[in-house]
Amino acid sequence: MEESMTKLSVFGLGKLGCPMLAVFADSGYNVVGCDVNESFVNSVNQGIVPVDEPGVQELLENNQGNFSATSDVKLAVDQTQASFIIVPTPSGEDGFFINDYVVDAVAQIGTALRHKTEYHLVVVTSTVMPGSTEGIIKRALEDASGRKVGPQLGLCYSPEFIALGTVVRDMQHPDIVLVGQSDEKAGDLLESVMLKVVKSNPECHRMNFVCAELAKISINTFVTTKISYANMLAELCDALPGADVEMVTTAIGGDTRIGKKYLKGAIGYGGPCFPRDNKAFSSLGRRLEVSVDLAEATDLINDHQVQRFVRLVRSHVRPGSCIAILGLSYKPDTSVSTESQSFGLAAALLQDYKILLSDPCCSWCQDLEDLTSMGVSFQRDYVHVVPDADAIIIMTPWRDYQGLSSTLAEHDKLSVTVIDPWRVVAGASIIKNLLLPGKHCMVDALGTP
C-alpha cells in the first residue's frame, strides 16, 4: 500500500459535510472544504460553523490550523490526495435518489484531475441508489478526468451512518465502516483514513459498489421496520387490558438477536433519512419486479400513526378545545423537522380544535409557515402554551418536557389531558391518572395499562 494519506478535501459543507471536515481536522488531517455557497466557505474560513450541529464549533476552534475552505474545485483537488463528496441526493417522485449533485461534483473533480499526475482517491459519501457508483458516477469521473479508475485513480462508496444532532459522535464512534471499493488499493487507503478518524473499534466491511449501496439503504430500512413493529405493539397493548408496551419491548430487546434500540413504541419515524430510504428501497424492488411487502408495510404502519393519534385525541378531548403539541423536530437535540409527524397531526386536528405548537429549537420551515398562516400559534418555550391547553400531546421527547407536571401545577387549569407516547411525564412508574393539588390531570402514556 502507498504512503498513507494526510491531505483530504470535502465537497459539500452542509449539515454533514461541515461536521466531516471538522472531524477529519480533529483527527490530524489537513482538510480543504469546497462548496459553491460562498457564505459557507467564508464562515468555515472564519472558524464559524455555518450549520446547526452540536460539537462542530468546538472542533473547528480546536483545530484552526488544520482546515480551510474554498469554492475553487481545482485548488481543493490540487492540494489534497483524496476527495470526499457529501452533497444532497434528493428523492424523486418515484422514490429514487437523484444523483445530479454527486455527478456534477464528480465531473468537476475529474476535470481538475486532468492535469494532476499523482494518484487521487474519490470517495462518494452521499447516499445513492444501488448501481449508481459503478454506473453513472464512475463514467462521469472517467470521462471528465480522461483516465480509467484503477492504478492512478481510486473510487470508493463509503456512506456515513449518522443522525442529525449526534453527527460528530456518530462519525467518531460508528458501529461499522462500510467501504465499496473499485480495487484493493482504493479500499486500503480509505480504510486507513477512516481507522484514524474513528475512536471506537468498528468492523470494516469492504465489498463492491452495489453491495455497499444496498447495505446502506437496507440498514435504515431494517431500523424503520423495528420502529413500526414497536408502534404496532404499542397499539396492541392499548387494546389489550393489562398489557404494557414498555415491559414487552424491554423483554424483546433483551434478546440479542433483536436488540433494544429503536423498540420504544411511541410515534412514527421522520427525519431526512428514514422515510426516504424506505421509499427508495420499495421503489428499487418494484423496478426490479421483486416483492418488498415488508418495507411497504413498514411505511403503511408509519403513516397510520397520525390517524391513530387523531382518534385518540377525539376520544379524550371535546371538539373546540385547545390542544398544545409539544415538539416539532423529528427527534430531540436537532432543529430539523423534515417528515416530522407533528405537522401532519396538527393539520389533521386543526378543523376541530384550536392548535398551539411549541419546540425549543425547530428551524422555521414550510410546514410551520403553512400552519401559522392558518392561525396556529407557535412558541419556543412550552410554558407559554401550557396555560391555555385543555390537552397536551408530547410528540418529541425533549428533556425539558420532563418538568411538565410541575409546570401544570403552577397554572389555573383544573383539568387537562396529557397524551404522552414517549412516557416522558410519568417516568418509570407510568400511571393513567395523576392527581395534582386541586386539579385533575389525565396522563395517557400510550401502550400502558
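Placement of Cβ uses the backbone N, Cα and C atoms for every residue, glycine included.
Bear in mind that TrEMBL entries carry predicted annotations, made automatically and left uncurated.
If you check TrEMBL, you get these features:
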type     : residues               : note
ACT_SITE : CYS273                 : active site, nucleophile
BINDING  : ASP35, THR89, THR127   : NAD(+) binding site
BINDING  : LYS216, GLY270, LYS331 : substrate binding site
DOMAIN   : 324-427                : domain 'UDP-glucose/GDP-mannose dehydrogenase C-terminal'
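Less than 8 angstroms from the CB of LYS216 (substrate binding site) sit THR127, PRO159, LEU178, each of them six or more residues away in the same chain. In the predicted structure, the domain 'UDP-glucose/GDP-mannose dehydrogenase C-terminal' (324-427) carries a mean pLDDT of 91. Spread of the substrate binding residues is 21 Å (greatest Cα-Cα distance among LYS216, GLY270, LYS331). According to DSSP, LYS216 (substrate binding site) is assigned to a helical segment. LYS331 (substrate binding site) sits 12 Å from CYS273 (active site, nucleophile), taking the Cα positions as reference. Across the range of the domain 'UDP-glucose/GDP-mannose dehydrogenase C-terminal' (324-427), the DSSP-based residue counts are 34 helix, 20 strand, 50 coil.
Counting in whole angstrom, ASP35 (NAD(+) binding site) lies 22 from CYS273 (active site, nucleophile) by their C-alpha atoms. The Cβ of THR89 (NAD(+) binding site) lies under 8 Å from the Cβ of PHE97, ILE98, ASN99, TYR101, VAL102, SER126, THR127, VAL128, each of which sits 6+ residues away along the same chain.
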